[in-house]
Each structure stands twice: as structure tokens, then as C-alpha cells.
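Here is the structure we will look at, set down as C-alpha cells.
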């Protein structure tokens with residue numbers, strides 16, 4: 001089978017060559033902060049799991065080119081014509097510039113599959129609606145230099161190219177330059193820093209009884225069961241009405257940004273403070289961002305033995321009531337200060353990370369769909385024809401996202417979607433992660 005071709009396009013110095021080196025087997029391009037380092041289009045072989053492709057790096061495009069610029073434009077145009085997919089790159093630090101808008105119009109006229117890649121987003125990043133105005137329906141946020149967000153880019157590439165072959169993922173090193181990023185989040189003084197100190201067996205992070213000691217997200221690299229883990233301690237998330245100081249507003253923004261880039265988020269709850277609506281708000285935000293989540297109840301050693309059973313019963317009831325979208329989410333009860341059940345938390349993170357990356361073949365999905373819809377059929381329409389879901393396929397992982405084709409998608413109720421999602425969790429062992437369904441209409445309404 002002929003290899004698919006992916007071309008990197010963008011104005012100078014947005015990080016095309018850095019991403020080229022990340023995706024290729026060997027470093028081929030020279031990387032420098034000066035614009036215009038790449039003068040010719042460069043080719044290399046790339047590979048994602050079992051999916052191999054040809055990757056092209058192009059010269060940076062600039063408006064009003066001189067003679068050299070015209071020749072570079074010719075190089076880039078040829079690379080676009082050869083491409084099955086274009087990664088149009090912009091600089092997340094500088095935002096959308098006039099050249100980006102002009103060049104996006106130039107690229108889109110070729111009607112190629114495109115992904116907008118917002119690069120250099122290793123620090124706090126405020127997503128600007130201007131990015132949508134560039135006209136691309138698929139947007140991925142990354143840092144090519146630091147290896148952040150690359151798997152999201154890989155999944156977008158697989159989705160755009162409709163590659164349905166199995167992508168084998170090694171949990172210790174899913175792709176070059178990536179690691180398992182675990183963010184520890186929660187309300188202030190839940191014991192987040194103490195928990196990370198317990199894992200690394202070192203007083204690396206400042207702790208104390210005062211709420212709000214951690215003011216910024218702090219990263220700690222760790223190795224666990226041959227897995228490279230980046231532990232990220234965050235500032236506690238308060239209700240908006242209680243955030244007054246400008247520094248704490250910045251800290252909260254930093255925490256929200258860390259969650260966006262996380263693979264797994266540990267939501268830490270103080271057993272003595274009990275579960276509050278703010279905890280559910282944080283959990284909902286994590287799920288809406290599509291992250292996998294573990295709920296950890298800390299300070300379990302301070303709860304009276306006679307009260308623990310009733311506490312757990314009420315806690316599970318609250319979780320199932322307020323967070324039905326992550327049915328079966330792992331819940332662990334620990335004492336960070338006594339290092340009780342710490343390894344169980346890390347084991348749960350490894351397990352749910354694997355589920356979050358799960359890829360189900362189209363054949364298995366449609367056998368399951370046929371069986372499930374026969375057990376509980378969709379309703380009849382007023383015209384007498386039954387609403388049907390004819391076919392489905394997985395369009396991405398992280399979180400698992402599925403496209404379902406129906407003769408009348410508008411008639412599929414939320415309750416029926418919940419039925420399908422919950423049945424899928426049981427059938428494919430996908431408990432505790434967000435699962436997303438999107439419905440599209442069949443071209444033929446009578447099937």
C-alpha cells in the first residue's frame with residue numbers, strides 16, 4: 001500500500017522543523033530560532049504504531065516574497081500538491097498574525113485534509129477564537145520542543161486519514177518524547193503536595209496546614225514500573241467567588257491549563273472536609289476536557305473506623321449521582337502523610353490511561369451495535385419507520401470518540417445515548433473515562 005503523505009506548512013519559525021524531527025525516525029532538519037532556516041522541502045519516513053507515512057517539511061511562507069521567497073513558495077506549493085494531509089502550523093506564543101490568515105487562505109484553496117497545529121504551548125495558553133477564523137475544523141495544541149500534546153496530534157492525524165488499523169501503544173513510552181502526565185488537582189489543602197512527596201519519598205514540595213501554599217503548577221519527573229511519569233502539583237481550585245488576589249487568579253488559570261495537557265487527573269478530596277459541590281465542578285471540568293480521572297480521598301487515617309463504612313456508602317452515592325458520565329470511575333482511600341495505598345493510586349493511573357487510549361476495531365464495534373440495538377430498539381417515527389443506527393466507527397482516542405450513522409439522528413434521545421454508552425463500558429471494559437458519541441445522518445434516509 002502506498003504511504004500517506006503529511007506536509008507541514010506555516011510561516012517561518014513556527015516550529016515546523018522541530019515537529020518534523022519529533023515525528024520522524026531520525027533528525028533530518030536543522031532547527032534554529034532564526035526565521036527561514038529551512039530552504040528546501042525535506043522528506044523523511046514517519047511511523048505511528050503500525051501506521052507508516054511520508055513526512056514533508058517545507059520552507060516558511062511569507063507574504064510579499066522576493067525572488068528567493070517565490071522559489072520557496074514553489075517548494076511549498078509542490079509539497080501541498082503531494083500531500084494527503086496538511087498540518088498548518090501557527091505559533092501559540094505570538095497568536096494569529098496577518099501572515100497566518102493569508103497563508104491559511106492559500107492552503108485551503110487546495111481542498112486537502114488539514115489540521116491546525118498551535119505550537120509552542122508549553123506554558124499557560126489562552127485559546128483565542130481567532131484560531132477558528134483560520135477555517136480549519138480540527139485544532140490541536142502542542143509543544144513540539146517539549147513533547148506536549150503529540151499524542152493528541154497523532155490521534156487527529158489518524159482520524160483525518162481514516163486509518164483504522166490497530167495502533168499499538170506502549171504505555172511506558174507511547175510515542176517518542178512523551179510520558180504519562182499525571183496532574184494532581186482539587187480544592188486547597190486536600191494534601192496534593194504531600195501526596196507527591198510521598199510518591200517520590202522526598203520533601204520536594206512545600207507543605208503545611210495553610211491553604212494555598214502551592215501557587216503554580218510544579219512538575220516532578222518519576223519512574224514507576226518502567227513508566228516515565230511526570231507528576232504535576234497544582235494550586236487548589238476554589239469557587240470563583242472566593243478568588244480575589246491576582247496571584248491566586250493566575251494560579252487558578254495555571255491549574256486549568258495543566259488539566260488541558262494532562263493524560264490523567266487525580267482529583268484529591270479531603271476526607272475531613274467531605275465532598276462538596278466544588279469537587280463535582282472540578283470533576284466535570286476534567287471530564288469536559290476529555291481527560292481520564294482518578295478520585296482519591298485523602299486523610300483517610302483521620303476518619304474514625306466506626307464511620308468509614310457509612311462514609312464510603314454515602315460517597316459512592318454522591319459520585320454516581322453527580323458524575324454519571326464517568327460511571328465506574330476508580331475511587332481510592334489513602335493517607336498521603338502515612339504513605340498508605342499510594343502505589344494503588346499509581347497502578348490505577350496506569351490502568352485507566354490504557355483504557356483512555358483504547359482503540360476498538362470497526363468490525364467489533366458494529367457487531368456490538370447490532371446486538372445492543374436489537375435488545376433495546378430505537379423508537380418508531382411518526383411516519384412509521386423506525387429510527388436506526390446503521391453503522392459506527394471510532395474516530396479518535398484520548399478519550400474514545402465514536403461516529404454513528406443514523407437515518408434520523410435528531411430523534412436519538414439522550415437517554416438512549418446513555419444506554420449505549422453504559423452498555424459499551426460493560427462490553428469493552430471502559431469504566432471511569434469519558435466516552436463521546438457524535439451522530440451523523442445517512443445519505444439514504446430509508447436505511
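FYI, residue positions are counted from 1 along the chain as it appears here.
Using the three backbone atoms N, Cα and C, a Cβ is placed for every residue, glycine included.
Since the structure is predicted, the reported quantities are computational estimates derived from the model, not experimental observations.
Secondary structure from DSSP puts residue 13 (GTP 1 binding site) in coil. The GTP 1 binding site annotation in Swiss-Prot covers 10-17, 57-61, 119-122.
What Swiss-Prot records for 186-193, 233-237, 298-301 is GTP 2 binding site, and it gives sequence analysis as the kind of evidence.
What Swiss-Prot lists as domain 'EngA-type G 1' is 4-165.
Summarising the annotation, Swiss-Prot assigns domain 'EngA-type G 2' to 180-357.
According to Swiss-Prot, the domain 'KH-like' annotation covers 358-443, on the basis of sequence analysis. Model confidence over the domain 'KH-like' (358-443) is summarised by a mean pLDDT of 89.
Here the candidates are the binding-site residues 10, 16, 58, 121, and by Cα distance the one nearest residue 189 (GTP 2 binding site) turns out to be 121. Around residue 10 (GTP 1 binding site), taking its Cβ as the centre, 27 other Cβ atoms fall within 10 Å, counting all chains.
The most crowded of the binding-site residues listed here (121, 234, 300) is 234, judged by how many other CB atoms sit within 10 Å of its own CB.
Cα of residue 192 (GTP 2 binding site) to Cα of residue 58 (GTP 1 binding site): a distance of 45 Å. Least packed by the Cβ count within 10 Å, out of the binding-site residues 13, 58, 189, is 13. Checking each of the binding-site residues 10, 13, 16, 58, 121 against residue 234 (GTP 2 binding site) by C-alpha distance, the shortest gap belongs to 121. In this structure, the CA atom of residue 186 (GTP 2 binding site) is 39 Å away from the CA atom of residue 10 (GTP 1 binding site).
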